[in-house]
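Pulled from TrEMBL, these are the features on record:
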{"type": "REPEAT", "residues": "125-159", "note": "repeat 'PPR'"}
{"type": "REPEAT", "residues": "197-231", "note": "repeat 'PPR'"}
{"type": "REPEAT", "residues": "403-437", "note": "repeat 'PPR'"}
{"type": "REPEAT", "residues": "505-539", "note": "repeat 'PPR'"}
{"type": "REPEAT", "residues": "606-640", "note": "repeat 'PPR'"}
{"type": "REPEAT", "residues": "641-671", "note": "repeat 'PPR'"}
């Protein structure tokens, strides 16, 4: 939470005194009002007020009476009294203008000023201009403010300090969201001021912070101190946000030290305490923020909220909740507002603490705060983070009032919990009810389309975005990610190329690198990475996590090591995403010991890190280590997800730990509440098939019913039948596969069946399978090998002649073949006979 205090120079209300005016006919008292007698005898005045009026011995001036009516919230009655005055003075005009402003009637104040200029019976003074400029600032009427500025210049009077301060305040307020040359008006007025007090400096600090010119704001503050102007409390409140944005702790310490030297009046100011806590929390110095909080003599709701938010911002959700409970139990009776509860809900969602979330929900109901939209939106998000999307929808459905944030929060909750189709249905409901889709909705829709790999939804969302001219930060990265995951890499590349090179941010570059990697365009991934470096865009942790998988796919461990060195030099080696990608890259590149070393040294690990390490152990035949690591997940406070179970079941399958794998499979639903999917069933079938328990694997697949009608499950069983030469079962499984294929024709299963027939010697069946493949347009996928030499990976396929040194390579292969024959090597000719038979067709 960040405080911004305005620096209005308007002295409201003006001091009223009876000695200001002489007792002239124009200076009528309230007793001369035409309706005074009727007011006195009516019921509109209390007995005490009537006695006060009757016993009033000292007459009051018109100025006093007008001011009194304005202070009582009756500015229109004051104006009626003003209209009875034949020739009102400038002071009386000012009184009505100020009265309107004090009663939040700034538009009426501007109209009254216009009447003053039109009548021309009185001249405007410094207080007139200062007051009407204040009204222009509150109504954001920049054109009127400029007209008043012209009136000041034409009046011939030299603007006083109070008028200049009001001009500064008016321009900085009205031009807050403006761009272009008009932004210089604030600086121009500031530079033309002969004498600047702390109010003027405070306004320029605030202006620079609004324009995100944080270094200039700090420089101005230092200049003010050097010329001997004593800063006010507002000075520190306005400059602290600039310091936190600069990110320099030393500057923060110097400024806070200056604050301490100014005494307790400054240090104990509630606004300063809150701003200082926010500043140090933004800088990551949560200990210093906590010390300021503990040493504060008095704490209001703002201070408690700032400290709670600081803990959340610095990933201390437990401390945030402890402080929230402290605020609830505070002896000074700190009022808990909606910001406090939103912060508590945010901390609860970070911890995914369902029980505490339910307690907070109950507390909101008891305090009758369960109808506030902002709190219910936070409640929806919290239940979603706690994996209770059903409870999120109950809260959403029960909301009497919903804003666009409510809809977006619920749609996002569905997407985050894997219910992408339901999210699309809810967006359709939004449109039926006339809720306008905004940029946040578009990002959620693009994420859902990416998850579903749904080209149609992605294109429709993109078209809607273009038709309604919706622009938002990071739009290109969302579109590139969606098209890349939907296997439309050309469309993704077109969006990437259409964006001007200088306008591409880190997210856009990262999305294109990841998209190329996901679509197997490994060389293109490195080309984009090189262009990124040439454009002086510094890679971040996401860049490395996107590029490292390309190293393992290309077989280039040398480039992976270079990226690892880059991560170390730029302090990314402890980033959990980079660590996970490094573990995956090294294990898939055959360097399991490197992967293990990185995993053990990493201070922070998530479920993805564990999953990659478990999978690496399994691929390298280290089944016992994979099991030990899986069981240590819970000890480290982490919960395995569905992908983790795929990794551990695969590890058990690779290493023959069938009984252990089956036991883990049984625990999925019973202990971890994860419903097995087709990938898990395929792992179990593969696990049983590898050790020759084909009948068990076949019975397991059949018991799955419709849920088991998946190509991967029966494909794993067919491969096991060929390995263990169970030809009869292989024929049964192959017929099941052909039945399931439908339009998804996969050549690998037909090749497997052909090999089974060939090994059995049934060449007629081999011929039938091959003819069927040709009719369907299927061909055997060509395998390739990667060889790294001198840090450069080379790809080879059968009979490949693309390599520039292919002649030398084939000469060496000829020598190796002769040497192999000399030592008595005899190749297995069965596959050769099969393929020769195929060539003879």
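Cβ from N, Cα, C; glycine included.
Note that this is a predicted model, so its numbers are computed, not measured.
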How do the residues of the repeat 'PPR' (403-437) split into helix, strand and coil according to DSSP?
26 helix, 0 strand, 9 coil
Near the repeat 'PPR' (505-539), which residues from the same chain, at least 6 beyond its ends, have a CB less than 8 A from one of its CBs?
474, 476-478, 480-481, 483-485, 487, 489, 492-493, 496, 499, 546-547, 549-550, 553-554, 559, 566, 570
Summed over the repeat 'PPR' (606-640), the DSSP helix, strand and coil counts are 26 helix, 0 strand, 9 coil
Please list, for the repeat 'PPR' (125-159), how many residues fall into helix, strand and coil according to DSSP.
28 helix, 0 strand, 7 coil
When secondary structure is assigned with DSSP, how many helix, strand and coil residues does the repeat 'PPR' (505-539) contain?
26 helix, 0 strand, 9 coil
Need one number: mean pLDDT over the repeat 'PPR' (606-640).
88
For the repeat 'PPR' (641-671), what are the DSSP-based totals of helix, strand and coil residues?
28 helix, 0 strand, 3 coil
Mind checking how the repeat 'PPR' (197-231) divides into helix, strand and coil residues in DSSP?
26 helix, 0 strand, 9 coil
